[in-house]
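Okay, structure first, notes after.
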Amino acid sequence: MKKELTIVIALAIAVYVNILGNGFTIDDSTFIGRWQGNRTINLVEIFRGDVPAGHEGVYRPIRQLLYGIYYQLWADDPVGYHIHSIVVHAVSTVFVYLILETMFAGSAIALFGAALFAVHPVHTEAVSYTVAGMDTTGLGVVLAAFYYFLRKKFNISYALAAVAFFTTEMALTLPILLVWYELCFGRLTKKNWETRIKIHAPFWISLAMYVVVRFGFLGISGVRAEPAGGSAYVAFLTMLKVSVKYLELLVYPVKLANNQLLSGGIESFIYRGYNRDLLAGQRLWNWDIVLALGVLIGIIVVAYFLRKKHPAITFGIGWHFIALLPVMQFIPQGAVLNERSLYLPSFGFILIVGYLLWHVYRRARVVAVAALVLVIGLYVIRTVYRNADWKNDIVFWSKEVAVYPNSAYGYYSLGNALRVEQKPQEALAALIKASQINPRFAVAVATEGLVYEGLGNVGAAIAAYEKTLTIDPAFYEAAGRLKELYGEKDVPIQ
């Protein structure tokens, strides 16, 4: 076991060493550079769920505690935060190995699966992106809790579960995953169900405590946007396509992006409803939705028919979809898809691939090893190159629009990054491109106004803000800028 663990730890660390030279990207500066909440460790505010403005709707107090501790250690030096992400990923990989070794003792599945988990390119957002890496901490704790449950060290598992719940919402599916494991592998029967319920009860009690504290005591609802397309029905149709897109990213992790595009030109980010028209235009009989529904039904059928002969495959399929539940828009969020959301669900995919590869290995070792080495080699190359994209915001968003030239959000984010770096003309070009792709992207138009203000072109700034309010009359920031520019208390909206 020591040799195998050394291999997977080395892989997990080696593929992410090059992020140590990266700076902050996207929300990193918000959480680490500008947020005053991490300057001191205020346990009362941490318990209340203090987060930077614009990020309300989450409750992750242990993550917030880590931000406070790390700021005391490293302030706004990215290196310390990147080291944290690498360590968390390496530890998570170790627990993936230990889980698989416990489930399939004496087989090579643990080595195969953990090696693939260590280097899978879809994990880059969860590790290379500092803010996501802080959330990934809780997912590593989930894997640890699951492992100690398998080892029947229940008290340790209970404690870890409670920590995970208060670190990230993605951990909240752990009690369901444990029940799913028991069902798939025949651990839960009519004869022992009372005993097993007693073992599982503390997980559900911890989950209930989280729910009571968050929703009942603190009143943090979690709603961060309107339903995708303005209705639960459209959100359901959208998430059918998203579910298949997640599978595509696991199987073919080449076209990686922060803002993935779905069929029909739908962007993952539904920020302030700017994507509403495309979303609302979806219908159940659209070819892409019919195809997505067919794929998902087919997977369910496969899981059902293999449940007795190959319960590992059924378990892996179930794990994937159960672990994705927190991001399936039951509580509306500002994005319908995030690659980092696949970190925990990917264990199900890794388990299945490792299991199938092991069956090949038993009959044709050379073929299995060659296939594994080839895939790992390709994964390593893609992961290392993807890590370089996270150098800084300008590099990152330039890569983003190269992958998806029709990404309005990508061009907006690039324009905003260029604005911050005092490159107004380049910023305007990117922002105008964003509004050309999506004329109803009010945020991009409003940001044009900020650039014009910086250039001293007040007339163009006013025109941009007025256009913003025409698109979205509720865009209060644009109204505020107009008030200041006009020197009036109230600005009539035409």
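Keep in mind that glycine also has a Cβ here, set from the backbone N, Cα and C atoms.
The annotation repeat 'TPR' is assigned in TrEMBL to 442-475. According to TrEMBL, the transmembrane segment annotation covers 7-26, 94-119, 126-150, 156-180, 201-220, 284-306, 312-330, 342-361, 367-385.
In terms of DSSP helix, strand and coil, the repeat 'TPR' (442-475) has 28 helix, 0 strand, 6 coil. The stretches the transmembrane segment (94-119) and the transmembrane segment (342-361) meet in space: the count of Cβ pairs below 8 angstroms, excluding pairs fewer than 6 apart in sequence, reaches at least three.
Listed as Cβ neighbours of the transmembrane segment (156-180) (distance under 8 Å, sequence separation of 6 or more from its ends, same chain) are residues 58-63, 135-139, 141-142, 144-146, 148-149, 188, 200, 202-204, 206-207, 209-210, 222, 315, 318-319, 322-323, 325-327, 341, 343-344. Note on the transmembrane segment (312-330): residues 103-104, 169-170, 172-173, 176-177, 180-181, 184-185, 227-228, 235, 238-239, 242-243, 246, 299-300, 302-304, 306, 336-338, 341-342, 344-349, 351-352, 355 of its chain, located 6 or more positions outside it, place their CB under 8 angstroms from a CB of the stretch.
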